[in-house]
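Enquirer: Here's a structure for you.
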């Protein structure tokens, strides 16, 4: 039975000419022109919408007033100081984890502030504040350390370097 079906298929194939199926695919020029037209119309519409949003935003800008309840406020660079203080909470020591300082004068900061009039000089230096601490006699080593850092420094003992 197999031989009979195979022989019939071979005869039919020999007698009938082999024709290729026509492909009405993406290579048809009419379809390419149609797709180009759709893409052109899409580009024109998208450009028109973009320009409308861009030019309508400048007219609507005064309508959005800045306030306390606004989620995003624009930067106000008009009142910016050249050397502005970062931490507005005076009396907080960053080396003590933000705890309040126990000083006689809480307005006296830990660090020296830059002075605007001295910045005009090319090689001006920042002077050191006089420290009023009860030390162990060699306070020259501890300049600029807070009490918490000074205690840690005291606990560590300096070891002599081995000779080379």
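Cβ atoms here come from the backbone N, Cα and C positions, even for glycine.
Per Swiss-Prot, compositional bias 'Basic and acidic residues' is recorded for 83-96. The domain 'ITAM 3' annotation in Swiss-Prot covers 131-159 and is backed by sequence analysis. Positions annotated as phosphoserine by Swiss-Prot: 58. As annotated by Swiss-Prot, phosphotyrosine applies to 64, 72, 83, 111, 123, 142, 153, with the evidence given as a large-scale study or a structure entry. Residues or ranges marked as region 'Disordered' by Swiss-Prot: 83-111, 128-154. Here Swiss-Prot flags 52-164 as topological domain 'Cytoplasmic', drawing on sequence analysis. What Swiss-Prot lists as transmembrane segment is 31-51.
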Enquirer: Express the predicted model's confidence over the domain 'ITAM 3' (131-159) as a mean pLDDT, rounded to an integer.
Expert: 64
Enquirer: If you draw a 10 Å sphere on the Cβ of residue 153 (phosphotyrosine), how many other Cβ atoms land inside?
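Expert: Residue 153 (phosphotyrosine) is surrounded by 12 other Cβ atoms within 10 Å.
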Enquirer: By the DSSP assignment reduced to helix, strand and coil, which category contains residue 153 (phosphotyrosine)?
Expert: helix
